[in-house]
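Visitor: For A:153-528, the entry in TrEMBL reads domain 'Myotubularin phosphatase'. The substrate binding site annotation in TrEMBL covers A:Asn278, A:Lys279, A:Met280, A:Lys281, A:Asn303, A:Ile304, A:Cys365, A:Ser366, A:Asp367, A:Gly368, A:Trp369, A:Asp370, A:Arg371. Annotation source TrEMBL lists domain 'Tyrosine specific protein phosphatases' at A:334-381. Per TrEMBL, active site, phosphocysteine intermediate is recorded for A:Cys365. The region 'Disordered' annotation in TrEMBL covers A:564-590. Per TrEMBL, compositional bias 'Polar residues' is recorded for A:568-590.
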Amino acid sequence: LSFNTWVCPSLSYLWPTVGYSDQWDDLNKRFSPPLTAKDVTYICPYIGALRGTLTVTNYRLFFKCTDREPVFVLDLPLGVVSRVEKIGGASSRGEVSYGLVCKDIRNLRFAHKQMEDSLRKSIFEVLMKFAFPVSNGLPIFAFEYGQVYPENGWKVYDAQAEYKRQGLPNESWRITKVNDHYELCDTYPSTLVVPVNISDEELKRVAAFRAKGRIPVLSWIHPESQATVTRCSQPMVGVNGKRSKDDEKYLQAIMDANAQSHKLFIFDARPSVNAAANKMKGGGYESEDAYQNAELVFLDIHNIHVMRESLRKLKEVVYPNIEESHWLSNLESTHWLEHIKLILAGALRIADKVESGKTSVVVHCSDGWDRTAQLTSLAMLMLDGHYRTIRGFQVLLEKEWLSFGHRFQLRIGHGDKNHTDADRSPVFLQFIDCVWQMTRQFPAAFEFNEYFLVTTLDHLYSCLFGTFLCNSEQQRVKEEVPKKTVSLWAYINSQLEEFTNPLYVNYSNHVLFPVVSMRHLELWVGYYIRWNPRMRPQEPVHQRYKELLAKRAELQKRVEELQREVTNRSASSERAGSPTRSITPVQTFV
Amino acid sequence: MLSSLGSGGGKTAKPSFVSYVTPEEIKSEKEPYKKENQPDLLPGEVVFCSACPVLKYSQDDMSQRGVFGTLLCTNFRVSFVSDEVQVEETCKLFKNKLYGENDIPLACVDNIYGGYEDKKKLITGGLLKNKYPSKIIVHCKDLRVFQFSLTYSKEEDAKKLCFTGVLDHNNVVMKTYLRSSSIDNNAVCFVEMQRKERTMLFDCLEDWTQDMKRTKGNCRLVTENSSFELSQKLPQFFIVPLNVTDEDLVKFQGNGLPMWCWSHHSGCALFKTASLPLMLTAVAHNHLYSVKTEDLSDTLPTIQDIQLSYNKFKQFFLIDNTTEFWMSDMKWFSSLENCGWLDMIRQCLLKAVEVVECLEKENTNVLIMEESGSDLCCVISSLVQLMLDPHYRTLLGFQSLVQKEWVAGGHAFLDRSNQLHLKEKVESQSPVFLLFLECVWQLHQQHGPAFQFSETYLTVLSDSVHVPVFATFLFNNDSHRANVLRAESPSSQRGPLNCPSVWDWSVQFDCRAQDLFTNPLYAQKTKQDRSQRKSHRPKHQRQLSLPSSAFKTPTKKGFFKDEADSLKKILGVKRISRWMLSPSSDFPPMSSIKEFYETWQAKPLDYHGMLLPCLDGPSIRVWMQRYLRWIHDVQILGGGPVAVLSKVSELLAEVQELRSELDRHARTVTSNHRGAIRTRAKTAPENLARSSVRLSSSFPFVTSRNWSFKPAIPTSMLQSLMMSEVAGDLASREDDGSEPETVV
């Protein structure tokens, strides 16, 4: 039983479709079709040294060892490789080894005999080339990927339709086309929702006062109270405490759009110290003098650098082995779960203000594309059950993360060999981790399962789909990503059953308030420690649930068949209440 | 006689209180009490003292709000009766019949603190009697925390209640209670006893015979101690290796006798013993295989260690106020690690796995020993049996296991729980049984469908240890039980006192509540499973071809002492404690166990076969239901395991219904008989599913009716902590990463 294929069957499923493009120059052609090397040793931290065949294509690294029972297979999309390094020179036994540091919390080590020097060298070169296509001036594999799916995943999100679902536009909020050509703000989507009584001219003046022109725009509106979640970047206050009448009027308009409350909460995701330090660079935060009736709250969430460091420590603690005796204190020393707690706590406060306080909120950090995206999307997940369905969640990601310009290309570094880039940070991973924590606390409230979240993260790095490429909607349009690549949602939605939580109960209008105490937060073993074979369950419990659902479906079918038979036989008889109707109102996901 | 006095010198205006009266008076004058604020007393329960009005602070916020009422102390419990008209608890599904949510059985009182202004002091008997606290805080063994303000009640009452009632009476009370706790045994129905399938109590010959037969054990059943002639320490009945002679029984007086626990299907068996293994050879001879001995005290924590660790651990959950809770949240993981409780659980499970490996893989007999033979021996032997024998993972099987290994096995429940709060017994107090339940819970949460009982069942069982009604947990061993029950019998004509067994769950819960004890996901054994299993095990029974008698040598005097050493060599007696070697040792001591686990893990899972726990760091968890159920701030409203439970119950109910629908149709179709009106009675689980949005993670212990639907926002954030520990320059950097410095 090879665990590598167990974890990501989807990738092996795609194996036959990988090809190469004839647009590439001759040098590239030399190595594709796949380059294969025999007698390569994979040094597995759990099993030990394995000898087998290594294949590298323009998409993946494939290692197979047939010496043992069961056959061992390692199947790795090159997109997850963060760094390739040679380890030392030739060893005494004439072997040269090199290691792959991966973005998905593992490291791989291979060794070669020195003799096959030319082959080893070429394998190394091929790896460097296709793992970092951007650095080598090559296209990312998603642009080569030719699989056709029954559904076009790029149609999942339609901004107009989503705002319509929320009841927008309405008497207080309008949809503006001012950013149609990304002129107001090049990192924002083309469709924006703003207060009715603010003109497009005024929007431009507000944009001048907000960092990167990221003005406050609506993310979500409460269907009953009309309290809203709006997002933006920091105001350009600076050391001199600059003010903007337009910005002040704008926030007042946001508050006025909600008749239920005469207050506005501004949630600044940063620690107050950092927010204040930003004044030195022209940024800052809203002073309560300038913005009347507004209350400013700092949420103490740290920046991308702290988060990156925390994940680095976490990887040290969990990979490859866990130090038994100090597991908990080691985990604590990474601060990873503390960050998760702070993010969830922030989102909880936002959701609470909107739901319980019926007050509108404005959320920002510095630029409004990292912590802000985490907070608004989590708060929306708590407030709106629609986002807890599989398609709803896809909409949430498309809207709050992709269209509002979370800089995936920079944060992940797709195909870029500069692994020390300070712009890289696990911001999106943290968000998915927070979502997972919520699914743990509310096991029946989400339509998707853990495998859905793991798959999303796997393809965050795989570069197989176009979904997480580029930094903004504008760039994606320019690169024609929707035209030239396949969306991850096409793949997911073509086999929904795999990703469906069998326990899902669709409570309508049910707000979730997760508990953000460390007592209820735990490390996501199924993601961070999934490479360790000891931590893998033999049979996932949801298998039992699925069996149960299958049983029910089977019985339902039989009842219906018999029912038809009965009705056919006694067509003339008096009509009793329809039994099929009395069976169950619950949806079946089998 | 009850006497009501006018306001007498107290600083408060509220005048009425109930004076202290002797139990005799109460007994004769029960009627007037009924009119007062009083709980429904159990038969034989008497009120010692009471104070009124007392303010009970509400747990879920920091404010000084609460409810006024009367605080009483009886010979069974401390009880708070609210002045407010009790709103009839509509869906109080899980009501304990013996005590309510505002009652604390005296044996369940863990510590009482006095609140003096800002300070909190542990109240002990020796505390100055003239200085009584304005507030008392009661920590319970089931982790509840009560806070009462005594400032409004009359001083004398309060004093009496604090010192006379709650504290000093504790020890006296227990005896009294025992005497009176015949609980009218006629009223207690032993329905279960009549049933064919029942919990085996192991208090009679048949149970032992049956269990040995079931496991195909081939040992000697000892009946010579049925009236404790051999030893007071030994159970009435027990099983020893075949060739233990009558002489040996008399000679060893229970010390060093290998007591049979369980036989593996290969023929090897697990034995436990108190003190030194003088009788080693007997075990060895019994089965021809070598025997491995393991002195548990070498590698496992002592009972004092266990007590110490648990005392630290439980403090994390005995929360007086919200601020304290969120403060402790910051260092949660390291505090958890430092108290060592989870590590003890891991050690016990690991030891059990090691024994399992010997039995299952090497087919050798195992003899576990420790000085008492009834503490960690019980933990390990019962865990081994749970892992190897699916019978013990059924509800009745599990109860039988506890009876066999713990009750008949002579675990000193009374001393270990120190229910009498005796000072001289403080040393011997230790939550060994709870440690066992913790281990069971770990197995349960890793392999849920293998167990017929639920998590809730385990939590309730852990609570029931502190309800001093059940014969199961009141005594130190068989003879102690027999003696006490005989001596304390109130009237000779009624025969010996008969306390109910804890397994008679109807004493505490009604049938609907008992439904929550079963695990809806339990993988029932199908016939197919059975046939498969048979084919699985071809290698066994080989020892039958060599009858043990053939190897039996007539025992001579001095055999054991003099020849023990040489026999040890011959029989290849090995120690199995290889995993606790010093951590610095180069050779990984865990490797064999690791391999054993991994080999097992690689096979397809069989819920009716051997179960092994994963022991890696993240796999050993905190038993949330037991420890967090009373803490308001961590209740997941609309979530938690109950959300799964209700959905699964709903599905099962539907499947059930569809089945009967099919049956009905089958009949209709064949007989062409119509018109049977379908009435669909809504089953309990279905209702549960509907309402699960309003249920919380502490279901079924706390109903959330009084709680606001407001999230708990942490009161203290941890930026100061973070700033100091995280590389400071990172925290202050810009998100753009525009700075040239690179941090990897």
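Note that Cβ sites are derived from N, Cα and C of the backbone, with glycine treated the same way.
Keep in mind that what you see is a predicted model, and the values were worked out from it rather than measured.
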Visitor: What is the pLDDT of the domain 'Myotubularin phosphatase' (A:153-528) when averaged and given as a whole number?
Guide: 95
Visitor: Would you mind checking how many other C-beta atoms are within 10 angstroms of the C-beta on A:Asn278 (substrate binding site)?
Guide: 24
Visitor: Under a three-state reading of DSSP, tell me whether A:Cys365 (substrate binding site) is helix, strand or coil.
Guide: coil
Visitor: Can you check what DSSP calls A:Arg371 (substrate binding site), collapsed to helix, strand or coil?
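Guide: Reduced to three states, the DSSP call for A:Arg371 (substrate binding site) is helix.
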Visitor: Max Cα-Cα distance in Å among A:Asn278, A:Lys279, A:Met280, A:Lys281, A:Asn303, A:Ile304, A:Cys365, A:Ser366, A:Asp367, A:Gly368, A:Trp369, A:Asp370, A:Arg371, the residues listed as binding substrate?
Guide: 21
Visitor: When secondary structure is assigned with DSSP, how many helix, strand and coil residues does the domain 'Tyrosine specific protein phosphatases' (A:334-381) contain?
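Guide: Helix/strand/coil tally for the domain 'Tyrosine specific protein phosphatases' (A:334-381): 32 helix, 5 strand, 11 coil.
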Visitor: Any idea which of the binding-site residues A:Met280, A:Cys365 has the thinnest Cβ neighbourhood at 10 Å?
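Guide: Relative to the other binding-site residues in A:Met280, A:Cys365, A:Met280 has the fewest Cβ atoms within 10 Å.
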Visitor: Which secondary structure state does DSSP assign to A:Met280 (substrate binding site), in the simple three-class scheme?
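Guide: Where A:Met280 (substrate binding site) sits, the three-state DSSP reduction gives helix.
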Visitor: To see if you understand the setup: which same-chain residues, six or more apart in sequence, place their Cβ under 8 Å from that of A:Asp367 (substrate binding site)?
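Guide: Residues satisfying the criterion: A:Ala211, A:Lys212, A:Arg214, A:Ser233, A:Gln234.
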Visitor: For A:Asn303 (substrate binding site), what is the tally of other C-beta atoms lying within 10 angstroms of its C-beta?
Guide: 25
